[in-house]
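Per Swiss-Prot, these features apply:
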| type | residues | note |
| --- | --- | --- |
| SIGNAL | 1-22 | signal peptide |
| DOMAIN | 23-291 | domain 'GH18' |
| DISULFID | C42-C89 | disulfide bond |
| DISULFID | C72-C79 | disulfide bond |
| ACT_SITE | E149 | active site, proton donor |
| DISULFID | C180-C209 | disulfide bond |
Amino acid sequence: MIKYSFLLTALVLFLRALKLEAGDIVIYWGQNGNEGSLADTCATNNYAIVNIAFLVVFGNGQNPVLNLAGHCDPNAGACTGLSNDIRACQNQGIKVMLSLGGGAGSYFLSSADDARNVANYLWNNYLGGQSNTRPLGDAVLDGIDFDIEGGTTQHWDELAKTLSQFSQQRKVYLTAAPQCPFPDTWLNGALSTGLFDYVWVQFYNNPPCQYSGGSADNLKNYWNQWNAIQAGKIFLGLPAAQGAAGSGFIPSDVLVSQVLPLINGSPKYGGVMLWSKFYDNGYSSAIKANV
């Protein structure tokens, strides 16, 4: 009996170790009203992190604007009910982030002071602070995702530093979604702070560094460069379907058999990020066991 108990304990510890070393799947949610609710997204049990997309207007004295496509209208106060969904996700151990920027929007940091003002706004309206005008209600998000693809290359480092300081009160996870050309045009300064917990690099819509023509050589080369930055974990960002991006889609069987084996031994390998929930019609389920 003692020997059996020892073997059982050893097996449990081994399986826990495997789970700790396994990668996670990250998904973007919020840009299509037909993609299902946030709660349903988390209930699939496929994702470890969900990025709510996007805060499309902020900085430079502008009134911040959250765009959740057909899900709800934040300007009319119709998104506060998402607090229940956010808590449902978090109760399952899933982190829920607010994503800033995106490919379309009006965002710009005009100065370091402007960046600090934006950080204070985010803390009070989405994170652990207090405000009477919280667009998503009283739920506290886990952190902020930087999906910056325009505006300015400056002051994102100050935004990251100020947000990070709030972690003294409650942990604020910082994540980023740079393009795969290295270094990233917009976020290089912010990433150089070394403050980011997770970085999911967009290996799509960028032919020089994505999977192309049956070859993962370019992807692997740029992956190695990204893996060398000072960050917690690096994720492979991909479209979840052919129609989710202009280029860079990798069929699930090819990803599992040819691409992931090239990168999942990297010290900072974190898993796979997918754009987006609307396009994820079985892709995450097909790769989950191998991520």
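Yeah, the Cβs are placed from backbone N, Cα and C, and that goes for glycine too.
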Alpha-carbon distance [the residue listed as 'active site, proton donor'; C180 (disulfide bond)] in Å: 12
Candidate with sparsest Cβ neighbourhood (10 Å radius) among C42, C79, C89, C180, C209, the listed disulfide-bonded residues: C79
Proximal residue to the residue listed as 'active site, proton donor' among disulfide-bonded residues C42, C79, C89, C209 (C-alpha distance): C209
Residues that sit under 8 angstroms from C72 (disulfide bond) by C-beta distance, when 6+ apart in the chain: A78, C79, G81, L82
For the domain 'GH18' (23-291), mean pLDDT (0 to 100): 98
Helix, strand or coil at C89 (disulfide bond) [DSSP, three-state]: helix
Integer Å distance between the CA atoms belonging to C42 (disulfide bond) and C209 (disulfide bond): 31
Number of Cβ atoms other than its own within 10 Å, given for the residue listed as 'active site, proton donor': 18
